Amino acid sequence: MSVLGEYERHCDSINSDFGSESGGGGDSGPGPSAVPGPRAGGGAAEQEELHYIPIRVLGRGAFGEATLYRRTEDDSLVVWKEVDLTRLSEKERRDALNEIVILALLQHDNIIAYYNHFMDNTTLLIELEYCNGGNLYDKILRQKDKLFEEEMVVWYLFQIVSAVSCIHKAGILHRDIKTLNIFLTKANLIKLGDYGLAKKLNSEYSMAETLVGTPYYMSPELCQGVKYNFKSDIWAVGCVIFELLTLKRTFDATNPLNLCVKIVQGIRAMEVDSSQYSLELIQLVHACLDQDPEQRPAADALLDLPLLRTRRREMEEKVTLLNAPTKRPRSSTVTEAPIAVVTSRTSEVYVWGGGKSTPQKLDVIKSGCSARQVCAGNTHFAVVTVEKELYTWVNMQGGTKLHGQLGHGDKASYRQPKHVEKLQGKAIHQVSCGDDFTVCVTDEGQLYAFGSDYYGCMGVDKVSGPEVLEPMQLNFFLSNPVEQVSCGDNHVVVLTRNKEVYSWGCGEYGRLGLDSEEDYYTPQRVDVPKALIIVAVQCGCDGTFLLTQSGKVLACGLNEFNKLGLNQCMSGIINHEAYHEVPYTTSFTLAKQLSFYKIRTIAPGKTHTAAIDERGRLLTFGCNKCGQLGVGNYKKRLGINLLGGPLGGKQVIRVSCGDEFTIAATDDNHIFAWGNGGNGRLAMTPTERPHGSDICTSWPRPIFGSLHHVPDLSCRGWHTILIVEKVLNSKTIRSNSSGLSIGTVVQSSSPGGGIGGGGGGGGGGGGEEEDSQQESETPDPSGGFRGTMEADRGMEGLISPTEAVGNSCGASSSCPGWLRKELENAEFIPMPDSPAPLSAAFSQSEKDTLPYEELQGLKVASEVPPEPQRAAGAWPPRLDPAVPCVGKALTSAACACSALQVEVDRLQALVLKCLEEQQKLQQENLQMFTQLQKLNKKLEGGQQVGMHSRGTQTAKEEMEMDPKPDLDSESWCLLGTDSCRPSL
């Protein structure tokens, strides 16, 4: 890295939350790069907001807890490691900071990803990747003396060694590798975590000498108290693999002293079963556990062994594939400083229909087990939770026979949501219900199906019998991962990640889009024009829709009542309209009537269809017998209907269609229902008009009482299931706006304001520490959530413009304390009329923040007296390469003049860059001065209001002392006095 790059990195560290932890001394004034971002011209308005919803607490420790959050921007799960800094010692605070620094350096598929960090008052929040499979320690315990297959051990070994190789290449020694710190996803993807004890070594030959780590995994050199290096991590890797092979700790004892003796002497608790595992694998473990560190192989050497080398490419591709669904980019720069908005919500699942008009809340699906997707079938429901688990149960009335569509291994009718245990360890991404079967997709894009195979919907050519009672994987998609699945009553359509469409099952009316009405028992690829990019598939009862990236809609299957939108109305030359009906189509056909809109969501029902365009408008078409089109009447409609009325001006975000009714949710948290209201379909009893034995409504009517946000909604037959959320409270964490280090935060929270250990020095000096004490967040009466400092703090007064320029506040000034501290500690920057003297304004405090090499170069340059007539762009003078070298340089092969010239050019560019930064700071000072003037005017107006208020209060007190005689006691009470209130 160039010296200039190091300088920019140094500036970034000053701007970061923990810059003073690693920065220079506290005596130096704040340089240009140390100006807090949000206070310099309103930078906070440009900060990115990230929204989080807490799910549940994963675990608690001595100094904090780990909490699972859902990030709403991408619907991903993350872990917040919350550390209470007031309860940490100086060393523990350094460890917390160290973990952030180490994680920020590392990017590898087998290493816990670091996304961000925030500071909430005195709590450090580290946002990390979530591993939903627990840790390797628990995985070994769950084996219950049943040894792992060698293939699985090699798979784990490859991932662990790959992670260790990555951190060693970065010059980092982990120092705490153990099964508790090796995490797993449900797809058996390894993630190495917990870098609080990690240490950066300058080279592979560097040595560390601090006694850290877990005793069971300590190397002999650690036990003996001698220096150690990367080979100590290899020893720990050997202990972990030995544990995988034996399900027992490598070294075990009743006390630490005895344990160290056994480690140094190499007395292992037991030996690996050579009849179960290959000699090559056993020798690899023994090599890692060699008593001599020099004899242990490096991580890269382990990867080059034949045991791993022969399968390395295959396993690397597998790691990349498994990591793809959860991988997301980090923030592009450290200085972005995003704002975290944490919103606590209630999340509940309700069902109705089937004779129950009152929405029924499901107590099983709540709080830590909240839902992220729901689906209704004709006979059953399915729910995917935020932790990617699948629950199913029946919704039918009477004694209808089941066919295994619940996936519990039997045909029992479970009336309450039950976890599909057979999918334990699989992260379910999405589920879809057919008439009597279920199909789901995992995060890895693998497809599982269970239930009736009468029409071949299992996709295995009926080799598993007429019914499949447990989830069965479709090997057809092993090499072609699935992105989305949709089920009709008796057919299945999937969209792969390669944007290919496959369909199988019942082919009646051409619903499979295969240009025939044949049934297919295995997935068949659907021919789609190459110019079209399919982004979603949606099955109706007996038809299928494809949605393109440009918002076009393709449809096939039965077009009864024009529910596919394929009918066309044409005007002839004799001024009469011709209506062309398409009864059904066996290949995907463009729905021309929908081409006027860019469709984003489409929801087919039994007799009608609803769609949402890119502007949030709702479109309906199909049968209107029960008013299910929502147009205000029950007349036959031939074309596409754009809904107004109660939905006019609203943006619809969710819609679903049942047999003769429609449910929709809007962005202003309202839920509407219309159509056939019989048997509780609409969750109400409308009285608009009777229709036969049922009660219908043709206008969208609000239901469900108070306002609720609807993340997902599904209707099928006469049933509805939806997720509703309600905001409880919210808080904003402006972590990087304070610019506080760990040490400064802890000091500011101490009662006496004394100096705490470890963290005070750096960028802002003592003035910033005092500032942090005054800027503590205001506690909220409601309890846990607080507002930001700037929002809750009142303005006591404002400095005058003259005082602002002079950078002084007298004792009688109304300048607030926080502003006075900033002005007292700020660097005075002159305001020149021309940019020529800018080179002289390069302050000594700014130089002190530079890296050592630049600082030395600038000091040497400053010893040369400057020429007043020389412009800033002409300094320093260029060396003439034609001038011959003298002395020993004459005998050298290459003259050093060219290298010196490069160094001078680099320093010149560095100085010019600093001058540009100073110009920017001058502009920011002007903006701040303008803002101060505006605030001063507002303050004067506020003072006038205050004087008027005091005058009103005086008049009120006079009235209380001498009430008007023409008012009785009751009317006097209305004026707000206390004379009429009964004593307590």
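A Cβ is built for glycine as well, from the same backbone N, Cα and C atoms used for every other residue.
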Handout entry: Given ranges 346-395, 496-545, 846-895, 896-945, the stretch to which Swiss-Prot attaches the annotation coiled coil
Key = 896-945
Handout entry: Candidate set Ser28, Ser331, Ser772, Ser776, residue annotated phosphoserine in Swiss-Prot
Key = Ser331
Practice task
State the three-class DSSP label for Thr254 (phosphothreonine), counting H, G and I as helix, E and B as strand, and everything else as coil.
Solution key: coil
Fill in the blank from the handout: Ordered by sequence, the long-range same-chain Cβ contacts of Ser76 (phosphoserine) under 8 Å (at least 6 apart) are Arg70, Tyr130, Thr326, Arg328
Fill in the blank from the handout: Minimal Cβ count within 10 Å, across the recorded positions Arg60, Gly64, Ala66, Thr254, Ser949, points to Thr254
Exercise for the section: Measuring CB to CB from Leu58 (ATP binding site), give everything in the same chain under 8 Å that is also at least six residues away in sequence. Expected result: Glu65, Ala66, Thr67, Leu68, Val79
Practice task
Compute the C-alpha separation of Arg60 (ATP binding site) from Ser949 (phosphoserine), stating it in Å without decimals.
Solution key: 52
Handout entry: Pairwise CA distance, Ser949 (phosphoserine) versus Gly64 (ATP binding site), rounded so that it is a whole Å
Key = 48
Practice task
For the repeat 'RCC1 5' (616-668), give the DSSP counts of helix residues, strand residues and coil residues.
Solution key: 3 helix, 19 strand, 31 coil
Problem - Whole-number Å value for how far Gly64 (ATP binding site) lies from Thr254 (phosphothreonine) (Cα to Cα) - result: 30
